[in-house]
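I have a structure I would like to understand better, so I am pasting it below and will then ask my questions one at a time.
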Amino acid sequence: MLPMITGFMNYGQQTLRAARYIGQGFMITLSHTNRLPVTIQYPYEKLITSERFRGRIHFEFDKCIACEVCVRVCPIDLPVVDWKLETNIRKKRLLNYSIDFGICIFCGNCVEYCPTNCLSMTEEYEFATYDRHELNYNQIALGRLPMSVIDDYTIRTIWNSPQTKNG
């Protein structure tokens, strides 16, 4: 008889403990009901990136002096700089400049150390493609400025994200 009573007491204690845990979880769930939704309907809603966002690199061909500083400071030696030495003026002439964004880690060293400021980071972050070879941008593709998200009337921009309010 005594083991049966202790068994019922253990069962009762376990039931109360389980009810307490369920109540705690329910209270956490209720505390989240008055928060803004975190989910963003991506193609139709886009977050405005911060001022220091590291997006696609923009390249200005006319400013580049082919010094290859960007290649030396890149942790993966990514930018490909082809140049030719002009013997009559003893100066380098840039022939081709390309970056493969499938490999780029967007560290920003090339932009930071460029002596002529011919490289800059843009707010563009959409690189979705079916072929990875399309991510290899030459100087013509790097020279195009991305369309601003703010100016696109088909996209609803979200200025204040719930994540930035909490942090």
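Here the Cβ of each residue, glycine as well, is placed from N, Cα and C on the backbone.
Owing to the predicted nature of the structure, the values given are computational and were not obtained by experimental measurement.
Here Swiss-Prot flags Cys64, Cys67, Cys70, Cys114 as [4Fe-4S] cluster 1 binding site. Taken from Swiss-Prot, the feature [4Fe-4S] cluster 2 binding site applies to Cys74, Cys104, Cys107, Cys110. Taken from Swiss-Prot, the feature domain '4Fe-4S ferredoxin-type 1' applies to 55-84. The annotation domain '4Fe-4S ferredoxin-type 2' is assigned in Swiss-Prot to 95-124 on the grounds of sequence analysis.
Could you tell me the structural context for the features on the list?
When secondary structure is read from DSSP and collapsed to three states, Cys67 ([4Fe-4S] cluster 1 binding site) falls in the coil class. Within the same chain, residues at least six positions away from Cys67 ([4Fe-4S] cluster 1 binding site) with a Cβ under 8 Å of its Cβ are Lys92, Pro115, Thr116.
When secondary structure is read from DSSP and collapsed to three states, Cys104 ([4Fe-4S] cluster 2 binding site) falls in the coil class.
Looking just at the domain '4Fe-4S ferredoxin-type 1' (55-84), the mean pLDDT is 93.
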Out of the binding-site residues Cys74, Cys104, Cys107, give me the one sitting nearest to Cys114 ([4Fe-4S] cluster 1 binding site) by CA distance.
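For Cys114 ([4Fe-4S] cluster 1 binding site), the closest Cα among Cys74, Cys104, Cys107 is found at Cys74.
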Cα of Cys74 ([4Fe-4S] cluster 2 binding site) to Cα of Cys64 ([4Fe-4S] cluster 1 binding site): how many Å, rounded?
17
Specify the nearest of the binding-site residues Cys104, Cys107, Cys110 to Cys64 ([4Fe-4S] cluster 1 binding site), where nearness means the distance between Cα atoms.
Cys110
